[in-house]
Amino acid sequence: MRTRLTLALMLSVCLSLIPGLPTTPSDPQAPGYFLNTFLVQVEDRQTAERVARDNGFLLEAELPLLNMYVLTHPDVTSRSRRSADDYVSKLMEDNRVRFAEQQVALKRVKRSHGIVYDKQLEFPIREVANYSAFYRVPQKFSTRDGSLFDDEFFKDQWYLQNNEQTGGKRDIDLHVMPVWQQGFNGLGVRVTTLDDGVDHEHPDIRNNYDARASADFNDKNDKKNDPTPDKSSAANSHGTRCAGEIAAEAGNGICGVGVAFRSSIGGIRILDGVVTDELEARALLYEHDYIHIYSASWGPHDDGKTMEAPHTACREAFRKGVETGRNGLGNLYIWATGNGGGDDDHCGADGYVGSIESISVQSLTDHGDKPFFGERCCSTMIAVPTGGEATKKEEMNAMYKIKVVTTDLNGGCVENFEGTSSAAPLASGVYALVLQANPNLTWRDVQHITAKAARIPIGGDGWTINGAGYHVNDKFGFGMMDATVMVHLAQQWVNKPQQRVCESGEKTVDANISPGQCHKVEFPYQSCQGDDATSITNLEHVQLHVHAEAARRGDVEIYLESPASTRSLLIKRRMNDDSKEAIDFTFLTVHNWEENPAGTWVIEVCNTASEGHHDSKPMHFTSWALTMYGYHDDDKKKSLPEKAKRPDESELQTIMRREYDFSRSVTLKRAVDLDTVKKTEEIKKEFDEKADKILGTMSHLFQGRSFKLNDLYKNKMYNRGLTSPEIADDSSDVEFSDESFATLKRELLEALISREISDLEKPHIREHSHDAERHHEITRLLDDLEQYLSERKKK
C-alpha cells in the first residue's frame with residue numbers, strides 16, 4: 001500500500017506560527033498575558049518551601065538544576081493584562097530570594113484554521129496537477145550491510161544526494177552518502193525535537209522512538225507524559241515532520257530516509273499551549289545527561305518588528321546545558337535561524353540564534369542560494385539545502401518542486417516541508433552522525449568542526465575571509481554543511497582547550513546621533529592579556545550589548561569591526577519595526593572565529609532615519625559592553641592578527657573547487673558497530689573469567705595424545721605467523737610455549753568475536769568429548785580464524 005502523500009504545495013509551518021485566526025484582545029491564550037506563575041531562585045528546595053509559606057505562595061514545581069522554583073498565589077488571577085508587581089516586590093524583599101519574576105505568555109503558540117499558512121510567508125496552499133514531473137532518480141547505493149533503500153520517496157531526497165532531481169545544481173546537498181556507506185547512521189545518539197509533539201506511532205518513526213527522551217509539557221493531566229500531538233489540527237504536524245527528517249527508518253519501504261536513520265528520536269511537546277520562560281528552560285534541560293541533541297524550529301515572531309532574547313530561566317538553561325549536559329561535554333542546541341526575510345526581518349534581533357550555546361541553521365535553495373524567506377545575520381553558523389526560491393515572485397511562479405521529504409500525522413508523508421524549520425532537523429541529523437563518529441566532542445568542538453568543514457555553496461557578493469582564514473557570510477554563516485568532511489574531522493579531532501571569557505564591563509557613551517549619522521567608538525582591547533583565567537588568543541563568539549534609544553527602533557544599525565578588519569552587521573535597519581522601545585539587547589557575531597582579539601575594536605551605531613522626515617529625531621547611544629569567548633593556545637599565539645579581505649569572484653571559484661575536491665577525496669574510517677562493541681565486551685568478560693579453564697581445555701586438545709594437528713596446524717597457523725616452524729614438523733606432536741598460547745588466545749578471541757561466538761565451553765570440545773568431535777570443533781575454529789585473519793589482511 002502506497003504511503004499517503006500530500007500533493008498540495010504548502011510552505012510548511014515554520015518556527016512559531018501565526019494563528020490562522022487572530023487572537024482577540026480578551027483571548028487568555030494570547031501572548032503578553034501575565035500568569036499566576038512566579039519564578040524564584042533560592043538556595044534549595046527547603047528554602048523555597050519556607051519562602052512560599054512565609055509569603056503566602058504555594059510551591060508548584062522546581063527546576064533543580066537552576067535552583068529555580070515555580071510558585072503560585074491564591075489571590076492572583078490565572079491570566080491578566082496587568083502584572084502583579086506587588087507580589088514580585090514582596091518576594092524580592094525576602095533576602096533569601098536571589099531572583100523573582102512573574103511569568104508571561106510568550107509568542108510561541110501555534111494555531112491554525114482552514115488553510116494552513118507559513119508563519120511569515122503567508123500565502124495559501126498551491127494545488128499541483130502533476131507533481132511527479134520534477135522527480136529525478138538518484139544513483140542507487142549500498143549501505144555497509146549491502147541493503148538498498150527501498151523507501152518510497154527516497155529517490156526524491158535531493159538534499160541528501162543532489163542529482164538534479166529538482167532541476168537544481170548538482171552537489172548542493174549534505175554529502176551524506178559516503179558517511180552512510182561507512183556505517184554511520186546515528187546509532188547510539190539521542191535527538192529530541194522541541195515542538196508540538198511527535199506522532200511516534202508513525203510506522204517510519206516508531207522503531208526509533210525513545211520515550212525517555214520525550215515529554216508532554218502542554219498537558220499537565222497526561223500521566224503517561226506522552227508527546228503525541230493533537231491530531232485534530234493539521235498545524236500540529238510540525239514536530240512529527242521534524243522528527244522524520246532526523247530519524248525516519250531506512251529500508252522499510254515507507255516515505256523517506258532520515259539523515260540519522262538509526263538514531264533515537266524523542267519529542268518534547270511544548271508549543272501546543274501557553275509557553276513561558278520556565279517551560280522553555282525545563283525543555284532545554286529535560287534529561288540533559290541522556291539526550292545529546294535538542295532540535296528547535298521555533299523562536300520569537302519573525303515579523304520584522306520583534307526583538308526578543310531568551311528570558312532569565314531559559315538563558316540559564318542554555319548555560320547549564322552546555323556546562324553539565326551530556327555528562328559534562330555539553331548538549332547541542334540546534335536552532336532554526338528564521339523565516340522573516342520576506343518581512344525584512346534580521347535574525348540579529350533573535351536572541352535564541354544569538355546565544356553562544358546554539359548552532360543557528362539557515363536554508364539553501366537547490367541552487368545553493370538564500371531563499372527569499374531566509375534572514376541574514378552574523379550569528380548564523382551554517383546553511384543546509386531545503387528548497388525554495390531566491391525571490392517571492394519566483395516562488396509563486398515556479399513550477400512545483402520537491403522540498404524536504406518527511407513524515408506527517410497519521411502515517412502520512414509529505415514532500416514539501418521547507419523553511420528553516422526543516423533546516424534545523426536536517427542539521428541535527430548530521431550532528432548525530434558526527435557524535436557517533438566521535439562521542440567525546442564538546443559542544444564547542446562541534447561548533448569548530450561546523451565552521452571548519454563548511455563549503456562555499458555559491459559565489460557572489462557578501463563573502464569575507466576573516467583574519468584567521470575562515471570564509472563568512474551574513475546569508476550562509478560559514479557556508480554549506482558537508483557531512484562527510486564533518487565526520488572526517490570528527491574522527492581525528494583533538495579537543496580545543498577550555499573556554500575562556502573576557503569582558504570589557506559596561507562602558508558609557510552618552511552620545512546623540514542625528515538622522516543619517518553614525519557614532520564610532522574605538523576601543524583598544526588587550527583580550528585580558530596577563531590573566532591566566534581570561535586571556536584569549538583565539539576567538540570563538542563575540543557579543544556586544546548595546547543600550548540605545550531612538551524615536552523608531554527600526555532605524556538603528558549597529559556594526560562591530562575587529563582588529564583584523566572583519567566587519568559584522570549586528571542589526572540592520574528594519575522597515576517594519578516602528579517600536580519606540582529602547583534597544584537593550586545583546587548581539588552576537590561568529591565572524592571573528594579563531595581571530596586574535598588583541599588590538600583596536602570599532603563599534604559603530606548609526607541612525608538611518610531620513611533627515612527631515614516627520615518623525616526623525618536624534619537617537620541616544622547610552623552604553624555598550626563587549627564580551628569575548630574563546631581559548632588560549634600558546635602554540636598558535638599570534639603577535640598581530642592578519643587582515644580580513646573580500647575575495648573577488650575568481651578567488652571564490654578557486655576556493656569552491658578546492659573545497660569540493662577535498663570533500664570528495666577524504667577517506668573515512670569505518671564506523672564502530674555498537675552492537676558488536678557490546679558483544680565484544682561481553683565475550684572479553686566471559687573469556688577473562690574463564691581464561692584458565694579455556695586455556696586448559698585448549699592445552700589438552702592441542703597437546704594431547706589424542707591426535708596430531710600436523711598438517712592442519714601447518715597450513716592454518718604457521719602461515720599466519722602464530723607459531724614457530726619447528727613445531728609444525730610433520731613428525732612431531734603440536735606443542736605450545738607460553739608465548740604461543742598467549743598469541744593464540746588473542747587471535748582466537750578476535751576470531752570468536754568476529755564470528756559472534758560467545759559460548760567458549762561447548763560440551764563437544766571438553767576433555768571428555770570424543771576425539772572426532774574435538775578434532776571437528778578445532779578445525780572449525782581454525783577455519784574461522786583463518787578467514788578472519790585473511791579478511792583483516794585485506795583491509
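Our numbering is plain: 1 for the first residue shown, then up by one each step along the chain.
Cβ coordinates come from backbone N, Cα and C, glycine included.
Keep in mind it's a predicted model, so treat the numbers as computed, not measured.
Look at TrEMBL and you will find 1-16 tagged as signal peptide.
Cβ neighbours of ASP195 (active site, charge relay system) (same chain, under 8 Å, six or more residues apart in sequence): HIS238, GLY239, CYS242, GLY267, ILE268, ARG269, ILE270, LEU271, ALA296, SER297, TRP298. If you look up TrEMBL, you'll see ASP195 (among others) marked as active site, charge relay system.
For the region 'Disordered' (200-238), the number of residues in each DSSP class (helix H, G, I; strand E, B; coil) is 11 helix, 3 strand, 25 coil. For 200-238, the entry in TrEMBL reads region 'Disordered'.
Per TrEMBL, compositional bias 'Basic and acidic residues' is recorded for 200-209 (among others).
Annotation source TrEMBL lists compositional bias 'Basic and acidic residues' at 217-229 (among others). Non-local neighbours of the compositional bias 'Basic and acidic residues' (217-229) in the same chain are 196-201, 236-237, 239-240, 266-273, 279, 282-283, 409; each lies 6+ residues outside the stretch with a CB under 8 Å from one of its CB atoms.
Summarising the environment of HIS238 (active site, charge relay system), the number of other Cβ atoms within 10 Å of its Cβ, over all protein chains shown, is 30. The feature active site, charge relay system is assigned by TrEMBL to HIS238 (among others).
Residues or ranges marked as active site, charge relay system by TrEMBL: SER421 (among others).
As annotated by TrEMBL, domain 'P/Homo B' applies to 495-634.
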Q) What else in the chain is close to the compositional bias 'Basic and acidic residues' (200-209), if you only count residues 6 or more beyond its ends and a Cβ gap under 8 Å? A) 151, 227-228, 240, 243-244, 247-249, 252, 254-256, 258, 261-267, 407, 409-411, 413
Q. Do you know the DSSP helix, strand and coil residue counts for the domain 'P/Homo B' (495-634)?
A. 4 helix, 71 strand, 65 coil
Q. Which three-state DSSP class does SER421 (active site, charge relay system) fall into?
A. helix
